[in-house]
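Q: Pulled the feature table from Swiss-Prot, pasting it below:
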type: BINDING; residues: Arg16, Glu17, Leu18, Lys19, Lys121, Arg525, Cys526, Trp571, Glu615; note: 5-methyltetrahydropteroyltri-L-glutamate binding site
type: BINDING; residues: Ile441, Gly442, Ser443, Glu494, Asp609; note: L-methionine binding site
type: BINDING; residues: Ile441, Gly442, Ser443, Glu494, Asp609; note: L-homocysteine binding site
type: BINDING; residues: His651, Cys653, Glu675, Cys736; note: Zn(2+) binding site
type: ACT_SITE; residues: His704; note: active site, proton donor
Amino acid sequence: MTTVHNLGFPRIGAKRELKFACEAYWRGEIDQTQLDKTAHTLRANHWQTQLDAGVEWLPVGDFSYYDHVLDTSFLVGNIPVRAQADGQSKLDTYFKVARGTAKEAAGASCCGGSHAAEMTKWFDTNYHYLVPELNANTHFKLNASKLLTELEQARALTSKVKPVILGPLSYLWLAKITDGSTHKLGFLDDLITVYRELLGTLAKEAVEWVQFDEPILALDLPEQWQHAFERVYHQLQLPNLSVLLATYFGPLDTNLRLAARLPTAALHLDITRGGDDLPRVLDILSPHKILSVGVIDGRNIWKADLNKLLAQLKPVKERLGNGLWLAPSCSLLHTPVDLDSEEALDADIKNWLAFAKQKLQELNILQRALDNGETSVAEALVHNAGAIAARKASAKVNNAKVQSLVNNISPSLSERESPFATRIEKQQAKYNLPTLPTTTIGSFPQTSEIRKNRKAFKSGEISQQQYDRTLRAEIAHAIELQEKIGIDVLVHGEAERNDMVEYFGEQLDGYVFTQFGWVQSYGSRCVKPPIIFGDVSRPRKITVDWAEYAQSLTSKPVKGMLTGPITMLQWSFVRDDQPRKITAQQIALALRSEVNDLEAAGITIIQVDEPALREGLPLRKKDWQNYLDWAVEAFKISTAGVGDTTQIHTHMCYAEFNDIIQAIADLDADVITIETSRSNMELLSAFEQFNYPNDIGPGVYDIHSPNIPATEQVVGLIKKAAENLPLQRLWINPDCGLKTRKWEDVIPALENMVNAAKQLRAEVA
């Protein structure tokens, strides 16, 4: 029989139950017992959903209150000293690492009680993980209590449980050395000891299978790391415990032979992104090794072409027999929970989709077809084929006018009138900004009042006119506060926006939205990615009226705020029936019209955010340049239609810039603002070494932490930035938008930021 298993399930709940419970706990509204009860219920529901869909081996340990990489750090006892305190619960220590804490005692440092761990992108996804920290004092020690508790709970439902654990080599690869310690692999022997102890503990619990996730096998691995895999997995063998080595997010390519020959009982491959690996692995796989085929895309929401997949899988089944397992390509963490919850979605489009629950049902259909013949699931296969054909032919998908515009894109469409050196002189003359000009990234707190009014408008309780009146009041409040604080370049605060991608997608043709299509971005932060189902175009102006209104309230410049084409692409569920480049070009042309309309309305500082630029990089460096070429082109198509005195800003966060600095320079934005405070300005080294030519605003405080930065802390960070970059090219700003913060935190933080800029201006005057 063909076995169906799952690598992981969404943890947040179909209605974001975990998010709301965690946030209530952080506010002190519920205690740990109540939080644990919510988590217990969610796990039970998720496991039952998987069992009902025919999953044979349940994943255990994929649930997390915040982040599975942070869970691994606690599993192996790698807890930063700064987060530890006497009398503090393990859960509070956990959240302290994740979120940091505000200053609690007079003796605390200037930057508050405890800063949060650094956060960065999980491979090429929109999920963020908390970076493990390694230093000379790091010593690993097993703490498997969380995993064992969840194991006991799962066994109340089935005996077939499979712990899911981040593998030791991927854990070290993703970590960061915080002092001058040895190479990351220098920590490996100590870590292997803990992993071996963990396997021994699981064996005593009569666990039969354990899944080690090693996604770094989809990367370009140095030779010493390849050798480390051989050494580690020879040591991670126990006679009564089978190891499934799981890889995902891309083809293994040069690492395929290595992975296939490791002494594990099973190997999982993502063939949705590495289809060429499948025929190759069949020729080198040990005859006794199980092959888990990740055949259903765990990162997108489109219904799979089951008939096409069956044609691909049948010869594999004939060759492997019971040695064939089926699974999603990766954890379903990256997909919404259940399409059945969607009641307002266009019926045609809904029929083209599959969320986590439906993806497991697709696996069940494939399993039954392979084991019992296609006639056993004939009705399901006919329905699937009809949905695939209907999508391909739909007039909702295809727009001849948009396709013509894309076909006629010329190089001149992506070039500014003059080089930066000419533009910046004209811009300085026009705006007359001080040294170290201050600004924010765009959004201000989305208060409960804002959310209440938006909900009332969407439900029809208040009219468009009433809703607009509340938004104008919020904008006026934001402008007044910024002027009072003394910020130089203002923003309108984005009160009208629920999400930086969803807001634009709602007003572009070719996009559709769900009610409950939530996925986790980080911690309790959930996003509801729009779905790009067809050709994209802009039927009307999107932001111009709000920007015009904000500008009418002040003599200071107000930035227009747009989300860039690559971020619109990366943070959406993207159609899979044409190259991503084409979809990016369609979005870029739509945004170009918006940028030009903003300029015509007198908004001449325009920010086009691209926080997801690096996220789109293919995992293999040989594929980078092709992506960067069309990604940069898309940004420039969006922004290059303006005059020299119009200043284009862009914003990026959570990224290492060294290896894409040329592409960032090629964007030719007049000002770039970046996330740097969590890395203590380390990210600026890329701009210094490259001699980045344009203006730059390194983030001077971490908005993801509740800490309020002291003026002295901000001064220190600005001075550190000035060691790397000329003072006259520096802007002062937070790391990111302030949407998720509270006004009582934002106001003093911005006041301290502005005071720091004023202090340094006085010093250099």
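Positions of Cβ are set from backbone N, Cα and C atoms, glycine also.
Would you situate these features in the structure and describe their surroundings?
A: Mapped onto three states, the DSSP output places Lys121 (5-methyltetrahydropteroyltri-L-glutamate binding site) in strand.
Here Ile441 (L-methionine binding site) comes close to Val491, Gln607, Asp609, His651, Thr673, Asn733, Pro734, Asp735, Cys736, Gly737, Leu738: these same-chain residues lie at least six apart in sequence, with C-beta atoms under 8 angstroms from its C-beta.
Under DSSP, Ile441 (L-methionine binding site) is assigned to coil, being neither helix nor strand in the three-state scheme.
Secondary structure at Cys736 (Zn(2+) binding site), as computed by DSSP, is coil.
Just so you know, the Cβ of His704 (active site, proton donor) picks up 23 other Cβ atoms within 10 Å once every protein chain is counted.
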Q: Work through the binding-site residues one by one (Arg16, Lys121, His651) and point out the residue whose CB has the fewest other CB atoms within 10 angstroms.
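A: Among the binding-site residues Arg16, Lys121, His651, the lowest count of other Cβ atoms within 10 Å belongs to Arg16.
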Q: Which whole-number value in Å describes the distance between the Cα atoms of Arg16 (5-methyltetrahydropteroyltri-L-glutamate binding site) and Glu675 (Zn(2+) binding site)?
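A: Computed Cα spacing between Arg16 (5-methyltetrahydropteroyltri-L-glutamate binding site) and Glu675 (Zn(2+) binding site) is 27 Å.
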Q: Among all the protein chains here, how many other CB atoms are within 10 A of the CB of Glu615 (5-methyltetrahydropteroyltri-L-glutamate binding site)?
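A: There are 21 such Cβ atoms around Glu615 (5-methyltetrahydropteroyltri-L-glutamate binding site).
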Q: Near Ser443 (L-methionine binding site), how many other Cβ atoms are within 10 Å of its Cβ?
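A: I get 23 for this one.
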Q: Among Ile441, Gly442, Ser443, Glu494, Asp609, which the record lists as binding L-methionine, how far apart in Å are the two most distant Cα atoms?
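A: It comes out at 14 Å between the most distant Cα atoms.
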Q: Distance check, please: Cα of Glu494 (L-methionine binding site) against Cα of Glu615 (5-methyltetrahydropteroyltri-L-glutamate binding site), rounded to an integer number of angstrom.
A: 24
Q: Which of the binding-site residues Leu18, Lys121, Ser443 has its Cα closest in space to the Cα of Cys653 (Zn(2+) binding site)?
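A: Closest by Cα distance to Cys653 (Zn(2+) binding site) among the binding-site residues Leu18, Lys121, Ser443: Lys121.
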Q: Between Leu18 (5-methyltetrahydropteroyltri-L-glutamate binding site) and Glu675 (Zn(2+) binding site), how far is it from one CA atom to the other, in Å?
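A: Given the Cα positions, Leu18 (5-methyltetrahydropteroyltri-L-glutamate binding site) is 27 Å from Glu675 (Zn(2+) binding site).
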Q: Taking the Cβ of Leu18 (5-methyltetrahydropteroyltri-L-glutamate binding site) as the centre, how many other Cβ atoms fall within a 10 Å radius?
A: 25
